[in-house]
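The structure appears below as structure tokens.
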Amino acid sequence: MLLSSSHLLFFSTLSLGTLLSVSSTSWFGAWIGLELNLLSFIPLISSKNNQYSSEAALKYFLIQALGSSVIIMSASFLMSSNSLATLLLTVALLLKSGAAPFHFWFPSVMEGLQWPQVIILMTIQKVAPLSLLSYLVSDHILPIIPAAIVVSALVGAIGGINQTFLRKIIAYSSINHMAWMMAAILISETNWLLYFSFYCLISSSVAVLFNFQEAFHISHIISHSAPSPEMKMLTFMSLLSLGGLPPFTGFVPKWIIIQEMVSSGMFIILTVLLASALLTLFYYLRIAMTALTISSPKTKWSMKTAASSSITPSVLYVNFFGLLAPSMFILIL
């Protein structure tokens, strides 16, 4: 996707809206930032080359508008019932971030996007809701958060098992990672920022890899992928890193969260998270083994040429950092 001046403009205002929400000292300022973020992302979703982009844009707008209206409604309860206002704000932020049980819009919207927009929806669009959620958690005791962690972990793990479309698999993977990030929010702001940074790098690298191969279905990895062993090995290891398998980079933040949760006595939630991580590794391995072991003659209608297939995006190698120094971050912390 070639970047035009309009794309750069809307991406700038999208980033500005995120910064405004995160740095705002009032809920009204945070709401303005969320609205600016929403209205900037809609034009980025729309594409003439994708027939499903209009449907995805409409779904995204309706859900985000619903979340914004709940935030405005909760403001009216702040003076009379602080606990009800906090509950409504939490529900609205969970809805906006795509966490279970308010996740139903997330896979269907992801299915209608191209991979560059998928990266934005998985990473930048989660910054403002999760930051505001961390502010709420630091000031109030929210019983709904542990429940959302458990449900997100189970939905993200079980929902992705029966999927064959890569964008839906990545969507359910993101829901599962949301459970880990909310658990990190309960521990400290440093932990969730660390986990979120690793999640952004690894999930973006996997999306870049699929975009590079023009893959949207599991079968496309066989028929579209470059025949080079390097690309097959990158696909295999990047998916295992996203699943958090040691000693890849994706295991490092989970290792830190596991240690902190054990120290905090959060054993029940940790058990659910670890069980869900095994289920997510199952459908990562299904894609990874397919990419590594099965080869197919290159199709004539593939858009990639032999020259372009030999060029590997450097961002993909971030998944191997954990191989070089898996305990560096533990020693620092």
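Each residue, glycine too, has its Cβ placed from N, Cα and C.
According to TrEMBL, the feature signal peptide maps to 1-17. Residues or ranges marked as domain 'NADH:quinone oxidoreductase/Mrp antiporter transmembrane' by TrEMBL: 24-80, 81-279. Marked as transmembrane segment by TrEMBL: 57-78, 84-106, 144-162, 169-187, 193-212, 233-258, 264-285, 306-332.
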Counts of helix, strand and coil residues, the domain 'NADH:quinone oxidoreductase/Mrp antiporter transmembrane' (24-80), according to DSSP:
42 helix, 0 strand, 15 coil
Can you work out which residues elsewhere in the same chain, 6+ from the ends of the transmembrane segment (169-187), have a Cβ less than 8 Å from its Cβ atoms?
97-100, 103, 106-107, 110-111, 118, 122, 126, 130, 133-134, 137, 145-146, 148-150, 152-153, 155-157, 159-160, 163, 194-196, 199, 203, 206-207, 242, 253-254, 257, 260-261, 264, 266, 269-270, 273, 276-277, 280, 283-284, 287
Stretch contact, the transmembrane segment (264-285) with the transmembrane segment (144-162), Cβ-Cβ under 8 Å, 3+ pairs:
yes
